[in-house]
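> Here's a structure for you.
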Amino acid sequence: MVNPQVIGYIGAAVASLFFGSNYVPVKNYPTGNGLAFTWVMSVGTLVVAYCAMFISKDYIFDPWGLLGGTLWSIGNFCVIPIVKTIGIGLGLLLWCCSSIITGYFTGKFGWFGIDKQKVSHPALNWIGFACIVAAVIFFFFIEPTIEEKDEHSYSSIVDDSEIGNNGIDNNGYNSINNNNNNGNNKRRSGAFNKQPKKSIFERMPPPYNTILGIVLSVFSGIMYGVNMVPMQLWKQSNVDASPLSFVFCHFSGIFLANTAVFIVYSIIVRPPQIFPQTIFPSFFSGLLWGIANVGLMVATQNLGYTIGFPMGSGGPMIVSSLWSVFYFREIQGVKNLLILLISFIFLGAGITILALSH
């Protein structure tokens, strides 16, 4: 029989590889306000759940699993206002830190009813955890070279700027008979490539927008950090059960939460913003994310929250950074590469020390 620790380390490696790569398919495609993207992505995760159910030949459908998936989705919904208020750089730093800290402390101190995890070398465990947090902080000082993509050069199924213009009547439906030819000519001429109205988050004055962004980032990280708690509680009552048995209900929670939000959004915003060319990349991104989360679930169950979760959550930063350096060329210059190297050293040391502390 394979050692559970070995399985846990393999799970952490899978999580690191696929979490670090799951947004690569949509990198060069428009995502708009992100709601359609996250819903299609959740469909991809559900496909992974069915595959896991087929492999394990056993599954449960526990309300606690739905809760776990919903907690993750709540954290993910915060990403849109975070990016609008404080940007992806600071936001990513804050939610990564709060996620790793929350997950580590949850297992270390037995929060939310989880059994406290005991390790052979507590001092090494703390040092490894501190190294991973330090690595995340170092990542913040990297200044990427990012070429902004103009999402208005893409055509959504119905552009936001069409709302209220000719072609959309007062009830929000397409007045095809009256303005079809007019609308087609405007679309071909680029008349609909107007700047959409700024969101409520972008209109907030400083420092309120910054405060909101920071609060949402920390909250989002906490949701990411506790989304595995229901699975851990279930595992404590089903010691011999496979983590693959829990995947379906957990991912169903993600799918149902995203579906509910997208339906409400589609009712309120008529018509919703959907980019056809982004649908398949979003679905593929969901497949990669689903595989990654299965790896994290395996790592967390076999290594515990204080080891498996930080390893599976910190490792993706290495992979995503390598994509940025060698493929997208976003991280350039001696200074940035030196900071990245220091981050890698701290992250690698932290993961290694965590493994040794077990």
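The backbone N, Cα and C atoms fix where each Cβ goes, and this holds for glycine too.
Keep in mind the model is a prediction, meaning the values are calculated, not measured.
Just lifted these from Swiss-Prot, have a look:
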type	residues	note
TRANSMEM	6-26	transmembrane segment
TRANSMEM	35-55	transmembrane segment
TRANSMEM	60-79	transmembrane segment
TRANSMEM	86-108	transmembrane segment
TRANSMEM	122-142	transmembrane segment
TRANSMEM	211-231	transmembrane segment
TRANSMEM	244-264	transmembrane segment
TRANSMEM	279-299	transmembrane segment
TRANSMEM	307-327	transmembrane segment
TRANSMEM	337-357	transmembrane segment
> Who are the long-range neighbours of the transmembrane segment (244-264) in its own chain, taking Cβ under 8 Å and residues 6 or more past its ends?
35-36, 38-39, 41-43, 45-46, 48-50, 52-53, 55-56, 58-62, 64-70, 72-74, 77, 230-231, 234-235, 272, 290, 293-294, 297-298
> Per the definition of 3+ C-beta pairs under 8 A with sequence separation of 6 or more, do the transmembrane segment (86-108) and the transmembrane segment (279-299) touch?
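Counting Cβ pairs under 8 Å, fewer than 3, so no.
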> Taking a Cβ cut-off under 8 Å, which residues six or more beyond the ends of the transmembrane segment (6-26) line up next to it in the same chain?
37, 278, 281-282, 284-286, 288-289, 291-303, 307-308, 311-323, 327, 355
> When each of 60-79, 211-231, 279-299, 307-327 is checked against the transmembrane segment (122-142) for Cβ pairs under 8 Å, which one has the most?
307-327
> Residues of the same chain, at least six outside the transmembrane segment (60-79), with any C-beta under 8 angstroms of its C-beta?
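Contacts of the transmembrane segment (60-79) (Cβ under 8 Å, skipping residues fewer than 6 from its ends): 34, 38, 42, 91, 95, 216-217, 219-224, 226-231, 233-234, 245-246, 248-258, 261.
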> Determine which residues of the chain contact the transmembrane segment (279-299) at the Cβ level, with the cut-off under 8 Å and only residues 6 or more beyond its ends counted.
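Sequence-distant neighbours of the transmembrane segment (279-299): 7-19, 21-26, 29, 31, 36-37, 40-49, 52, 228, 231, 243-244, 246-247, 250-251, 308-309, 311-313, 316.
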